[in-house]
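**Q** Next up is a structure, given as structure tokens.
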């Protein structure tokens, strides 16, 4: 009887091994960013040399952040990433503000950027040398996003397997850019690196936007923290996966950018709507129809990783009482958090339809790096409050301190760089204050609570979902 009960229990399984964790990180980091961000980094840094410095600095910065999150992941045993770390260290109000910004700004805008990149590169071979029509790009972008949404609603195992397979595709796409570029560089094609550090073109107040573009390309180093409860041997696998994956991506990104600049001049990069396609047109015309498809599949993998982890944030938030309980439920047969996965559908659809890649990028980067900085600040506070707590992985104090300072400084400086987009992002965060005090802090009336529970019950029956048992195997 006990055995049957254990077999029939509804819960999220521990299915994410070290290989799958590594694939999740690589698949989330290497996506649209390395094929979109070179233009944004170069535009806001001013020269080839300074752009390469920005790329390396963003990689080092990501490593600091990844190490901080690795320690947080061994100290705090719950899934949920930024949200649960802020909740456990800074309290319910900052964590709810993050959740509010994540749902209405950060995640849908990020998903829309990656989806638009997927659509652009998917259609590029059919319209070269002309640009693909914008309505067609948006339609293909939405179709790709809906495919990933369906997969994550269907099976955790298959979405994880797809992530592993697409990680290989991503590395192949980078290799097809790196190898020809390095061959040309070895042959002496260094003309685009002449006067690489032109100080006259450097505009300091634009540097935060260059870092936003670079950090967007590296974003994903925190993804294992969202699925902490589903990881096998998390105390060992989280630090190992983040260190190996971030170092691999830093090396890959630096070689990719050097390859870009070996083939393309500054004006070519700035004028290109799809840098990887422009690169192939110059360096390797025989692959003109292959590389864009590989890049599109890379973006597909990033969308998959994003949905896979964000659904866990809503899942944990509802379990902590800061989000409707429906979103902590999982499907009775598929064992996937179906309501949490489906919640992003309308917002991402709207942003893909009305948005532009670079404005969306600046819009959500403010909120993202504000709360990541607060999460690592929380690590410092958690250490001070709980000196007796033994952590199997611990980083030197200067790592979270320097990471937090740089995060918050970049966020503050971005108000001068793009005041309109950043102000909208700030307003979105602040709008969560009245919602928190009206709905979370204050208790609902009995009538509203009964109506809410009635609707939740009806949706629960419709979606065939139940509350999971708070345990994992």
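Note that Cβ sites are derived from N, Cα and C of the backbone, with glycine treated the same way.
Bear in mind that TrEMBL entries carry predicted annotations, made automatically and left uncurated.
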**Q** In TrEMBL, one of 366-383, 456-473 is tagged transmembrane segment. Which stretch would that be?
**A** 366-383
**Q** Per the definition of 3+ C-beta pairs under 8 A with sequence separation of 6 or more, do the transmembrane segment (366-383) and the transmembrane segment (338-360) touch?
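**A** Contact between the transmembrane segment (338-360) and the transmembrane segment (366-383): absent, because fewer than 3 Cβ pairs are under 8 Å.
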**Q** Taking a Cβ cut-off under 8 Å, which residues six or more beyond the ends of the transmembrane segment (209-227) line up next to it in the same chain?
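**A** 16, 21, 24-25, 27-29, 31, 33-34, 36-37, 39-41, 43-45, 51, 54-55, 57-59, 61-63, 65-66, 69, 72-73, 79-82, 85, 110, 113, 237-238, 241-242, 245-246, 249, 253, 302, 305, 308-310, 312-313, 361-362, 365, 368-369, 372, 410, 414, 417-418.
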**Q** Taking the transmembrane segment (48-70) as the reference, which of 21-42, 82-106, 168-189, 239-263, 283-303 gives the largest number of Cβ pairs under 8 angstroms?
**A** 239-263
**Q** Most CB pairs under 8 Å with the transmembrane segment (126-148): which of 21-42, 82-106, 168-189, 283-303, 422-440?
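**A** Between the candidates 21-42, 82-106, 168-189, 283-303, 422-440, the best contact partner of the transmembrane segment (126-148) is 283-303.
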